[in-house]
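Record features, source TrEMBL:
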type	residues	note
TRANSMEM	B:29-52	transmembrane segment
TRANSMEM	B:86-107	transmembrane segment
TRANSMEM	B:119-139	transmembrane segment
TRANSMEM	B:145-166	transmembrane segment
TRANSMEM	B:178-198	transmembrane segment
TRANSMEM	B:234-252	transmembrane segment
TRANSMEM	B:272-299	transmembrane segment
TRANSMEM	B:311-333	transmembrane segment
TRANSMEM	B:339-358	transmembrane segment
Amino acid sequence: MRFPLPTRPAGFWPAAFAAPLVAACLWPLGTLAQATAGGTGAAESRHERIVSIGGAITEILYALGEDERIVAVDTTSRYPAEALAQKPDTGYLRRLSAEGVLSLAPDLVLMEEGAGPPEAVEMIDAAGIAVRHVPAGESVESLKDKIRIVADAVERTDEGAAMADRIDVQFAALDAELSTIRDRKRVLFILSMSDGRPNAAGRNTAADAVIALSGGTNVLDDVEGYKVLSTEAATALSPDVIVTVSGAGPGGADPLSVPALAATPAGRTGALVTMDALRLLGFGPRTPAAVRDLASRLYPDRVAGTDKTP
Amino acid sequence: MIIDALRAVPLVQPSGTMSGDRSVRARRALVGLFLLLAIVMVLGIGTGPALLSPGKVAAVLLSGPNGAAGSPADHVIVWQIRLPRVLLGALVGASLAVCGAVMQGLFRNPLADPGLIGISSGAALAAVATIVLSGGILAPYAALAGIYALPLAAFLGGLAATLLIYRIGTLAGRSSMALILLAGIALGALAGALTGFLLYLSDDRQLRDITFWSLGGLGAASWTKLLASAPMMLLALLAAPLAARGLNAIVLGEAEAFHMGVRVQWLKRGTILIVALATGAAVAVSGTIGFVGIVVPHLLRLWLGPDHRGLLPASALAGAILLIVADMAARSIVAPAELPIGILTATLGAPVFLLILLRRRGAGGI
């Protein structure tokens, strides 16, 4: 992007003239950084300094074994845990700092759709480094797209295609096992308990997609997004199974300890499934296994789970 | 009670009756603040998470907006990120502080700020509506306005709320400040309720966007935003000193000011208009940044006295300095991420303000 400024801004010339003077006295440390800043554009064929913005992207890079090349991740990159523990954090993906990202001297920035603010994204795009925008989405198709695009960006196209194919195979196998089930379980997904009331998942949520993939029916499909239900409404939904997650929001409250939920079919049979929030809802490489585990908890006689702990 | 306390302070003082001449002190303070602002601006352009050497920054700056010095990334950092950001920070900080000082004078209330005439609540309602409804009924607007949908909506929302409140508070060509105050409270409550309803409709991501917007930040500064918002803010900064004498007089009471030859209705109309334009523009480009509008004028009133002729320009300079410094901290402390600036203006300013209050307790009518 070229510069659209018609006139010099006020205060520019004084600032420009005083800059070398004041600056020279104040930052002897500045020269230290030259080495880091100088690397831009050096690697034409293979990107060695990747900034990964988006939890699923980071997960895919780690699954491809490319974690050595990541120089920083964003706040949503919570899996694997060592990503945020070992790499600098660029902040929340919708609140990026353009200079912060550029200060890492990356040669490739992978950005999930929805990264922002738009001005910061525009400036990162304009800085002359490779930027790939990766579509987000909560479906099997968009998951495969994500994997292919990320793998392609880090020159691992074949591995990405193979990983996407494996996902297809895994879901096809699960679908075959689920296809004979007539009596679908009615599922209420509770993201968190908000002061004794369930914050439940409606349509167009990752939870809704995961319930459908694992062969259940979302009892709250006439509501859009996550909504806090009154306890009475929750009782009226009469779910067969309540699915909840750990690691999202304040935990500790057992949904079945609420009388209104204990009175539902799920409450009477104690059908409460708790799974890790990111693994179940993250739509990354772990999604097929997580969905299979959920299916095996919904239909224990028909579907075998993976050996991993939920 | 607070209003009475302020009224007890003689805001127009015969010169030479206090220890030290206020006007000389104000003049010296203005020169000092101006120099400090220049230094802070240079520092702001020179520092950031990308550790560019001072020489490199200067080379890139001097090579001009389309110059070839430095790598493309260095060029973007200096010309597209730091420079507009520092200039925007200076304008926003100056506008917020000046508008705060003007409102406190106009309402004769030390707690007054531009929020009183509905700008914050109107802008917040419009901003939240844009964030929440862009995928729904506001989709055509969002498509039309592109990435400027949010700032434009915030600006228009603040302005619309102010005009409505002003109309309600003005009867037969005379504005009643009490009526404006009450209308502002009522409209603010209504806007708050509508905002609350939109919050209820929002999803997790939108909620997070709203939270960050309400904490403010200069992270989205760009030349386009700077050029679009600068005229409104510059207008306020240049026009506010013209209202200084009128504001000095109105402290004694509206009738008294009228008899002193101040065109009171013009003063009210003009100041409310420029405050609405400038604060609306500031909120549009940087979100709601609290604290600057209240504390900077008070700090300077304690230091320089209540004469608006010195107070208004000093507020502009000090507001600009505070915001640039806060922004430098915002982008450096948690680099490569960034802190919302609203956290920092309060963290930096509040202790200083408390310290001064403690030292000046009992003096000057406080």
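Note that Cβ sites are derived from N, Cα and C of the backbone, with glycine treated the same way.
Automatic prediction, not curation, is the source of TrEMBL annotations.
On a predicted model such as this, the values are computed, not experimentally measured, just so you know.
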Sequence-remote partners of the transmembrane segment (B:272-299) [C-beta within less than 8 Å, at least six residues beyond its ends]: 88, 91-93, 95-104, 106, 110-111, 113-114, 117, 119-120, 123-124, 127, 150-152, 154-156, 158-159, 162-163, 166, 175, 212-218, 220-221, 225-226, 228-229, 232-233, 235-237, 239-240, 311, 315, 318-319, 322-323, 340-342, 345-346, 349-350, 352-353, 356
Same-chain residue ranges lying at least 6 outside the transmembrane segment (B:119-139) that approach it to Cβ under 8 Å: 149-150, 153-162, 187-188, 191-192, 194-195, 198-199, 201-202, 206, 209-210, 213-214, 275-276, 279-280, 283-284, 287-288
Candidate ranges B:29-52, B:86-107, B:178-198, B:311-333 - greatest C-beta contact count to the transmembrane segment (B:234-252) (under 8 angstroms): B:86-107
Proximity of the transmembrane segment (B:29-52) to the transmembrane segment (B:178-198), 3+ C-beta pairs under 8 angstroms: no
Folded-back contacts onto the transmembrane segment (B:86-107), same chain, C-beta under 8 angstroms, at least six residues removed: 37, 41, 44-45, 113-114, 116-117, 177, 181, 218, 221, 225-226, 229-230, 233-234, 236-237, 240, 243, 247-248, 250-251, 267-268, 271-272, 274-275, 278-279, 281-282, 285-286, 289, 292-294, 296-297, 300, 308, 311-312, 315-324, 327
